[in-house]
Amino acid sequence: MFALKSILVTSLITSTALAHFTLDYPQSRGFVDDTENQFCGGFNTVEARQPFPLGSGPVHIDSHHALATIVAFISTSSNPTSFDDFNTTSNGTAIPLASSIFQVPQGEKCFNIDLQSLNVGLTNGSEVTLQIQYDGGDGNLYQCSDLVLIEGYEVPSNETCTNDASKASNATSTSSGSATATSAAATSSSSGTSGAIKEVVGFGALSLALGIAGLIIL
C-alpha cells in the first residue's frame, strides 16, 4: 500500500511539473508539453485569426510554476516562421516588446497589452501573431496566438483583466516601448524552427535575479 501511495504521489508531482504554462486567452495555436520549449510551442502553422482589440486587450495564462518570468511580443508577418519575424516589420521597422518583463506566481493570471501603442503602423484589420515567452526556471517556453486587430472590439466579459499582473510591484521597468535591441540570436537544436532563434537578452538571468530578490524580500 505504501509503495502504491508513493507511486501515485510521484505521478501527480511529475504531471504537475510537466505542465509548464498555458495561454488561455487569446486561445493559443495548441499545447503539447514536450514541444513547449520550441518556437510557438512547436505549432508553426498560422491558425484561424481571432479578433482582438487594436487598443488595450487582455492576455490570460495559467502558470504551473511557483514563480515565472514572462514577456509578450508580436510579429506583423502573415506567416512568422522564426523569432526574427518578431523583431522587425516587413519594411524593417523595429517592433517593441508588447509587454514589460514581469513575474507571476503559480495560478491563473492576466495582463493587458496595447498593441496600437507600439507605433508600428497597426490599424483596424491588421493581422499579427502574439507570442508569450515564459521561464519558470527550467528554460524558456513559448505559446503563440494568431490575431486580427479590431478597433473598439469588446472582449467577452469573463476575459477582461482588472488585476493586471504586469503592473504588480514585482514587474520590471522594461516597458512596452523598449526597442527590440533587447533581442539577440541564440541557436537551437529544437525542430520546427527556421533561422536563428531570437530571445530576450538576459531573460534567464533576469528571472534568476528576480527570484533571488523575491527570496531576500521574503
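The first residue you see is number 1, and the count goes up from there.
Each residue, glycine too, has its Cβ placed from N, Cα and C.
The DSSP secondary structure for His20 (Cu(2+) binding site) is coil. Summarising the annotation, Swiss-Prot assigns Cu(2+) binding site to His20, His65, Asp138 and lists similarity to another entry as the type of evidence.
Summarising the annotation, Swiss-Prot assigns compositional bias 'Low complexity' to 165-194.
What Swiss-Prot records for Asn87 (among others) is N-linked glycosylation site.
Asn91 (N-linked glycosylation site) carries neither a helix nor a strand DSSP state and counts as coil. Positions annotated as N-linked glycosylation site by Swiss-Prot, on the basis of sequence analysis: Asn91 (among others).
Under the heading N-linked glycosylation site, Swiss-Prot lists Asn124 (among others), citing sequence analysis as support. Around Asn124 (N-linked glycosylation site), taking its Cβ as the centre, 12 other Cβ atoms fall within 10 Å, counting all chains.
Taken from Swiss-Prot, the feature N-linked glycosylation site applies to Asn158 (among others), supported by sequence analysis. Counting every protein chain shown, the Cβ of Asn158 (N-linked glycosylation site) has 7 other Cβ atoms within 10 Å.
Swiss-Prot lists Asn170 (among others) with the feature N-linked glycosylation site.
Annotation source Swiss-Prot lists GPI-anchor amidated serine at Ser190.
Residues or ranges marked as region 'Disordered' in Swiss-Prot: 160-194.
Annotation comment: Swiss-Prot describes 1-19 as signal peptide, evidence class sequence analysis.
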I'd like to know which of the glycosylation sites Asn87, Asn91 has the most other Cβ atoms within 10 Å of its Cβ.
Asn87
Sequence-distant neighbours of His65 (Cu(2+) binding site) in its chain (C-beta under 8 A, six or more apart):
His20, Phe21, Gln106, Gly136, Gly137
Three-class DSSP secondary structure - His65 (Cu(2+) binding site):
strand
Closest of the glycosylation sites to Asp138 (Cu(2+) binding site), Cα to Cα, picking from Asn87, Asn91, Asn124, Asn158?
Asn87
